[in-house]
């Protein structure tokens, strides 16, 4: 939507800043125009309806041929039902068959529609279903008889093909984690299951030979025509799919939502044209124009270190910042200018309240602190730059979510109703189409909660712990903030002073459960493999987690089920250099902080060489990184009441930057 805030802290020409103040509506209109141009130039001029009709006719014809072939197949029904199994065998057969059908049903109804985004889920669920179905026949016929039947000369090709496709699907999905191969093997397994199932029809392989010969002769007869039109259609579809992938990460549902939102924005633009501007909104935007100008001056003069403002609390200097002078200028302007209005609608515990202990601590801490804050919170909504929607995803799920029914619609009902209430009562949501509103959540389902209100999802600011770009986290407008696990609710918990760098005896340390896609790889290579890299799935009782951490030079921080990990902040608290092992994760406060100066980033593919990478860092470089960790610690500490430049203020500053990235016309 706008130029990312990070560029403000890496320098750049002032003209870029001028351009960043364009209208939200204008940007969406420009996007709509470019999309229309793309559609006109794409050459997708074929009649889709006619193509589908033609395809249906061909499929119907094919099934007529198949039906005739099946009716003509030889077979003896009496011989097939001669051996009646026991009641116990039938019971196990029914249970296993039902389980298999259930998993295949889940695979096709839930995971097939999102296969483009996550093929591994479909592949694994479908494979489990197939395994249960095979197991049901072992229960029905007995292991020995079924195995002999599957390995008979007539059935051996079908058995090998089907079992190989299952094994291949599991391997590429869970070991290689290959997106393309998961899709390919899923298709192969579906075909293999169909081929294997049809082979059980009376006549078995004879029927398959008949079907194969029929399809082969039909394919040869239509080869030239099919190749010509198939190639032409494939090229057109390839262009279309590539364009969708580039624009919205390959999600057709997302594409439709974006198109509908563009229509809404265009309609709103037409409705507002010629009307009197909102003077209060214009006053707010006029003040922000001045602020952007002052930040632009700081960028131009960023090499002049004498321009730092002396501050008795703290002056942000050092290499941990992308541009410390610009950061200080922006921070001081935030303190003197920025105002947030908190909607008062809603009652605790779903609103205005959140958890202050366990892994979702930061969600509750911010909710509680912004409610009582006097510097940034304003009671006059006309003076506000941002508007906060104070619902807690954690508390909604804790009080309304049924773990048995698992009805996620409770999020939709609460969030949608709340936005509907405030947008009907106040003019501010409709005035900006949600662009100057924000929500905050540290729950894994935080992003999901915003999807039910598409403007909240696509135009509002979302402050999320789960800052995962593969799940449509947008760093241009969304805010990443750290996940902290205060196990007892004590905000001083974990603030341990580590040993000096020269007295840390362990090279690297990690202790945590095996979940997600990254941690199993870490355990495979380093659990109980090396004395220098201490990796535990469960920490021995004679060891203290905090003690081992503060005695380690590097603390490994692999992602689990979600990209964020509380171990990053735990490592910083212990003054242990964090080793970040994640994918698609936008690190907290990365607009301002240069994470390369106080952390080590290792990709999943580099895990086998982890020790070599860490040992390759000489002592002088390690001491510099260690000192940077000690310096950056103040930005991740939680204070009550908040202190300048601490975690609360860094989060407020990230919201401030996103607001500066948007200009709203009244």
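Backbone N, Cα and C define each Cβ position, glycine as well.
From the options 121-140, 141-160, 201-220, the stretch TrEMBL describes as transmembrane segment is 121-140. Residue ranges 38-63, 64-89, 90-115 are listed, and TrEMBL annotates 90-115 among them as transmembrane segment. Residues 121-122, 125-126, 128-137, 139-140, 183, 186, 251 of the same chain lie 6+ residues outside the transmembrane segment (90-115) yet bring a C-beta within less than 8 angstroms of a C-beta in it.
Taken as a whole, the domain 'Exostosin GT47' (335-615) shows an average pLDDT of 92 in this prediction.
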